[in-house]
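Now, the feature entries from TrEMBL:
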- B:Thr195: active site, nucleophile (ACT_SITE)
- B:Thr158, B:Lys184, B:Thr195, B:Glu285, B:Asn408, B:Ser413: substrate binding site (BINDING)
Protein chains: 2
Amino acid sequence: MAHEVSPLKPAEIPSLPPVDGVRMAVAEAGIKYKGRKDVLLMVFDPGTTVAGVLTRSKCPSAPVEWCRDKLSGGEARALVVNSGNANAFTGMKGRDAVATTARVAAEAVGCEVAEVFLASTGVIGEPLDPAPFETVLGGLAKQAKPDGFADAASAIMTTDTFPKRATAKVDIDGTEVTICGIAKGAGMIAPDMATMLGFIVTDAPIAAPALHKLLKRLTRDSFNAITVDGDTSTSDTVLLFATGKAAERGAPLIDDAKDKRLKAFRRALGTVMGELARMVARDGEGATKFVTVEVGGAKSKKSAKRIAMAIANSPLVKTAVAGEDANWGRVVMAVGKAGEPAERDRLAIWFGDIRVAVDGERDPEYSEKTVSAYMKTPEIVIRVDLGIGDGKARVWTCDLTHGYIAVNADYRS
Amino acid sequence: MAHEVSPLKPAEIPSLPPVDGVRMAVAEAGIKYKGRKDVLLMVFDPGTTVAGVLTRSKCPSAPVEWCRDKLSGGEARALVVNSGNANAFTGMKGRDAVATTARVAAEAVGCEVAEVFLASTGVIGEPLDPAPFETVLGGLAKQAKPDGFADAASAIMTTDTFPKRATAKVDIDGTEVTICGIAKGAGMIAPDMATMLGFIVTDAPIAAPALHKLLKRLTRDSFNAITVDGDTSTSDTVLLFATGKAAERGAPLIDDAKDKRLKAFRRALGTVMGELARMVARDGEGATKFVTVEVGGAKSKKSAKRIAMAIANSPLVKTAVAGEDANWGRVVMAVGKAGEPAERDRLAIWFGDIRVAVDGERDPEYSEKTVSAYMKTPEIVIRVDLGIGDGKARVWTCDLTHGYIAVNADYRS
C-alpha cells in the first residue's frame, strides 16, 4: 500500500495550531494495516455544534447512516475515525459495529452516544470488528491533547501519499478565531461529495443550523468541485465542528449563516475547504499533473459545472494531459457529451493562456510549439468559453496515468 | 498506430456475402495514414432506402450534420467513409469539405447530392482537405464490386485492432434476404450512440420510416449498450441501407416496422447489430477482459440500464477486473453512485455463477478461491439483482488497463 509521494504535493503543508476546545489522539489498532496508526479520536468540549455533508450514494456505509441520523441533534463531543476498513456493505454487523464503537467512545469521553460521530475508510464489504476500538478508545480519551493534528491527518490516510491539512485565523467581530481542517482521499473521488473524509474544527461560536448552511454552501465549490475518477464513495463525509470557545474571549454567538460579522470567517472557511479539496486532487492516484478546468459563458452556473465535470472526468482528456498532448479535440468531445446547451461555432478553448480553438475551429494563430511547452508543466489550466451566457464554474482534477491503473488493479488482492 | 491485436478478438469473424444492389471499393488516399486504405465508397442501386442514428453530442462533426439533414429524404445512392480525420470542429472549412465530397461522389455515382451519405473518423480539429476525395472517388465508382466487405471493414479502422463484420440470412414472407454489417470503434465509446461507425446493408425492401423505427429500436440494446470509456464521440454514426432488391425475387415491400412478416428479420438484424457492437467492446483500447454487466430486479428497464452503465463505466470496477480481483465492493459503490432507486440490504451480486454478496453484505458461502479462479478467465459476467422490481438490462464493456493509457496518452503526438 506504500506508494511514491505524489509529485503534485504542495511545497508547503501547514502545521496546524491548537483549536480551543479540541483535543485528539491516535492509536495503532491493527484494523488492517500493520505498523501504523489507524484510529483517530477527537474530543470536543461541551457546547460544540456540528454540521455535516455526506455521500449521496444509495449504498452508504454504516458510519454514514449513523452520522446522518445524529446530525439532527447538532451537538458533538467525539469523533472516531478509522482507516483500513470502510464498514460499508456490511449489513447488520456493520450497524452493530457502529453502535458498539459509539457506546465505547461515549463512555471514554463521558458524553451521550448521540454526540459521537464516526467515519471509516478503506475496503468495502469486509465486516469491521469493533473489538480494537474497545481496546484503544479509553486510553485515547485520556491521552488526547490539543496539538495532535499532524498525527490525526496521517492516521486517516489510505492510498493517500501525503497528509492533507489547512488552517486559517480570522476575526469575528474583533475576536480572533481559528479554523483547522484535515482530509484524506486519493481515489473514488467524484462530484457528489467528492471528499472521502474531511474534518474541520473551529472555536467560533456558531449555532448548528447556521453551521450547516455555511458548510453546504462552501462544499459546492470545494469538496464537490474535485474529481479523480468520477467514482463516488459509499463513505464520503465532511464534518465541521465549532466548539464556541472563542465566546470566552468575546466572540459573539452567531445563529444566522448570513450574519455580516461572518464575512471574513466564511471566506476563510471556504479557503481552508478549497485547499483541502485541491490537495485531494493533487494526491489523485497516479497523478502527475494537477488540472484546473474553468468553464465560462455557459447558460447557467449549474450548466457550467456539469460541462467542467464532463471535461474533468473524461478518460480521453485525462490521458491526453498525461501524455502532455494539447489534444483540444477531446475537450470539444467532452463539451459535446455533457448534454448541456452549447453552440459548437461559439466555442473557444485555451490551454493556460494559449487559445487553441475559437469560433468552432482551430485558432489559426496558435503555435503548436508554445502549447507543447506548456503541456510539459505540472499544473495545467484548461479553459472553455461557451459564448452563450454568463454561467461559470471551476473544478479540479488530475491526469489519468499508468500509476492509477497500478494502484487500482491490485488494491485489494 | 499499430497496436497488438486484442486478445478478445472473436475466434471467427465471418466473411460477408454480397448483398444485391450494393457495390463497393476502397482506396489509399493518404488522408493521414501512409500505406493503407483509408477511403471507402459504397454504391447503392436506385430505390435504396436509408435510416440512421447519430451521435447526441452537442458538438457533432460536419459529416454528422450532413447525414442528419439528408436522412429526412430517406433515399441513398452512395456512402463515403474516411479514416484518419474526423472532420469535427473544423468550422466552415469542415462544411465546405463535406459539400465538396458529396458533390464529387454524386458526379462519380450519377445521383443527387442529397443521396450521398458521409462519415469520417479520426483526429478532431484538423481541417480535412477534400482534394484526395476528388482524386479517388471517380475511380472507386468504376471499380466498385459486390464482394468488397473485407476491404471495406479494414478501411474504416483507426485504433481498431481487428475489423468488425457480421451477417445473417433470413426469410421475409418466404423470400431469403441478406443482412451484412461492418463497424469500427475501440475508444471514445459511450452510451449515447456508442458506435463510432456502423454500416449495415440489406436487400430487404423496407420503406425508410419503417427502417428508421427498426434501427432506432435495435440500437438501444446493441450499439447503445456498450461502453469502453464513457466518452461520446462527435462522429458516432450508424446507417442502415435497404436496397429492396429482394423484391425482384418476391419479397414484399414492408412499410410498417411492426409488420409480422418482419419478425425473423428484426431478430436477425438485432443479432447482427449486437455482434458488431460487442466486437467494438472486445476491441476496447487496451482491453484484456470482455465484461458483460447484467442488472435485474430494478425499478424499471431504464433504471437497470443506468445502473448497468454506472458499473460498466466505473474506472474502479474496470481496473479491478483488469487486476483479476473480485472486488464486489466497487460494484456496490457503482450501484450507489448511479443515483437510481436501490436498497442496499436487498442487493445481491454475482461474478459469473458465484454469488459474492447478498442482502446487503458479503455472501458467507462464497469461496474466495473459486471466484479468484473465475476472475482469471477472459470473459467476465458481473450480475446484480436489486430486488426491488423487474426492470433489467444488459451492457457490455471491457477492462481498464495500462494498454488504454498507452494508446491514449500518445494518440495524437
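Every residue gets a Cβ built from N, Cα and C, even glycine.
Heads up, TrEMBL stuff is auto-annotated, nobody curated it.
Taking the binding-site residues B:Thr158, B:Asn408 in turn and counting surrounding C-beta atoms within 10 angstroms, the largest count is reached at B:Asn408. Here the binding-site residues are B:Thr158, B:Lys184, B:Glu285, B:Asn408, and the ones sitting under 8 angstroms from chain A, going by CB atoms, are B:Asn408. DSSP gives B:Asn408 (substrate binding site) a helix state. Around the Cβ of B:Glu285 (substrate binding site), a 10 Å sphere holds 29 further Cβ atoms from the protein chains shown.
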